[in-house]
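Worksheet: the structure to be examined is printed underneath.
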């Protein structure tokens, strides 16, 4: 059993043109969304997808490229990786390798939607965006069959409308909107389930409203759903109301009466069925072993035609499953005989799909590999059932509750249809099935179905697989459709009450007794002579055709009887009076029979617009026929022999002329057929090539769209870089390994005579504003940086003495390897001028100090370092380059006589910290030991965070000349 998650999972399918659509979609998804989005695209396995990086610019939701068995979490986006197919089971995304031999097998959207439908059932949501082809069309059918919801981008807005239009053509899409509006409607659908609770309760408590809706459906599409179970119908109705944003049942009913399209949509919701190949494998294993094997073995010698009726065949998967198992069993025991499978359904759309027998490659997970290779042909990205199997099946629209059943069937399959019927309808359907089966015929039901009240006539073969065998041949239909229809409007259908069942049983007994005692049979037909129902031993008068099948009475009767019936119906329709024949003769099974015929118009359902007729067959027991009498048609109550003889002769002549013409046409057709087959073969090859090219084109378009967006981003980056270079006014040259120019900035024109069209040329071809020697140094340093990777830096000036800081750095590629150099020239002319001016001022200051025998000093108290100016060093006899500024050196040059008193006064000044300046006379020792009296003046230059002095500056004045 799969674990269900309580948040919504939305599958989004797209291919060509999908990048723009996805960006716009996610730009409109709320940041607090608790929906998990799974994006399925057609991606080329030969290119790295940039989708995650590109989508990240349009949403802040976390984006993941899926890895196998990745768990799905709410509020996240999941992207299919290139070259993979993806499914979801138990809340995990599973990856399989994309088929290598043929890209056309790659329909990842269909595959994912199938798995999403089976996992999330009615809460599954699928969205189709821009793309070519039809991928996703089969998938949305699965979503709808499981009760899910489908949205689609408006084809007029989509860059490529193939996928959206293909989805819309199915008639199953619930919302068709511009892509930017899809997230809003998605949230409204998923986040407001309470809005459909009130209508559901209203429908549950008011049966008349439901019946009014069902009557409207019957009026428009001529399908009567009154005998179906209410809970399923109410869910479907409220779902359509939610999609249409109807808050009250009365408003929706009014909409139905004004909009036939909505009626058809609702009817389609009721008709959606869930089917697949080999659904419930254990059932088909039991069916093959206990039914098909027995039936084929029984017919080994007789070679009778095996007839099968598949009721509610939907899109044909189970029908073809049955056919394949029959063929396998016949091949196993080495016999061949004719098999006819009559497959019926209410939905013409389903029948059209079944006749085509084309299925997506999602069936690879359903059909055993040996059967897939043997009974299917690859058609592009799909599989088609082979002709041999398709020719075994005849598809037809048929309502098991209203239309007459087939008979003499060896097998009837009716899986998972009875569960949708109310009890009375189930009883009626089972009576139809019982009547259709041969004695000893087999019945296969769905896993949740039983034969109910018919357990006395059906022998249970396999309880788990729901296989039964008919042990009591039916001679009549237990629930007479003719009478049942007259009661439909008079009571609530499907109540299953004991009184109603008793009433029907009484009617059945009465009909049985009357037809038996009077030896009468009758048929109820419409104006087209199609049989609507039959009573009594009707089969003694008719013969089913050996090939195909028909419910047309004229095609089931001998020629002379058909003529009489045809004539009678026409006369009744014109005169409104009954017509009778007596002594009509015919031959059946080498026996000569005679009957009387009565035809009259009847109205079974009040208000019906279709004329219907009752045809009664009464055996003519008074006549004993000879062989000669059999060939003649007796006279009816009105003369028509001569007229019919003329018509028959005219028809005979027409047929002879037609046959001659047909022979001529057939000769021409054979020649045209040969030419046509050659053209078809060529066309198939061209179609296959075209589809392959289309698939490649989709992938390349997706890659191109990603790269195009990346190019746009790079273009923006380049513009930003150009603006940055212009604003900094730093001249820069990018050189490759061969010293050719890669790129330049506008400011480089101040150093080199370069233009944009010089890119690609060697730098050595150009002159600069620097000297010849400097040009060579630049080239030498560039080559050195290229080979060593060590940056080089140097101040350099132009010929007109404008200064720059030249910096040469290695140019690194994406892998960090040196692939050239970057030379930049930073304008430092102002700094250089300021520095020169500072040096000049400092020199002048030194000259002044030297002229007055003075010098200045700078003392960092915490670090114990004192600076002495050159003029002070000169007074003390030191060279300018000698360092004497340490605290220890200071102690050595202060005479010992004044050292203690000076230090005490200085420490007191610093400790008290209440004055800004300090002065004292001291004796300093020169380098050669002489003593010089000097006056030292100090001031506080810096303090710490607590206000304590940390740096002193001051002057020394030579007092020698004053002594």
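Here the Cβ of each residue, glycine as well, is placed from N, Cα and C on the backbone.
Here the structure is a predicted model, which means the values were calculated and not measured.
Marked as domain 'CheB-type methylesterase' by TrEMBL: 3-186. TrEMBL lists 15, 42, 135 with the feature active site. According to TrEMBL, the feature domain 'CheR-type methyltransferase' maps to 198-451. Feature annotation from TrEMBL assigns coiled coil to 644-706. The domain 'PAS' annotation in TrEMBL covers 841-913.
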Which secondary structure state does DSSP assign to residue 135 (active site), in the simple three-class scheme? coil
If I take the alpha carbons of residue 42 (active site) and residue 15 (active site), what is the distance between them in whole Å? 5
Overall pLDDT for the domain 'PAS' (841-913), taken as the rounded mean: 72
Three-state secondary structure of residue 42 (active site) from DSSP? coil
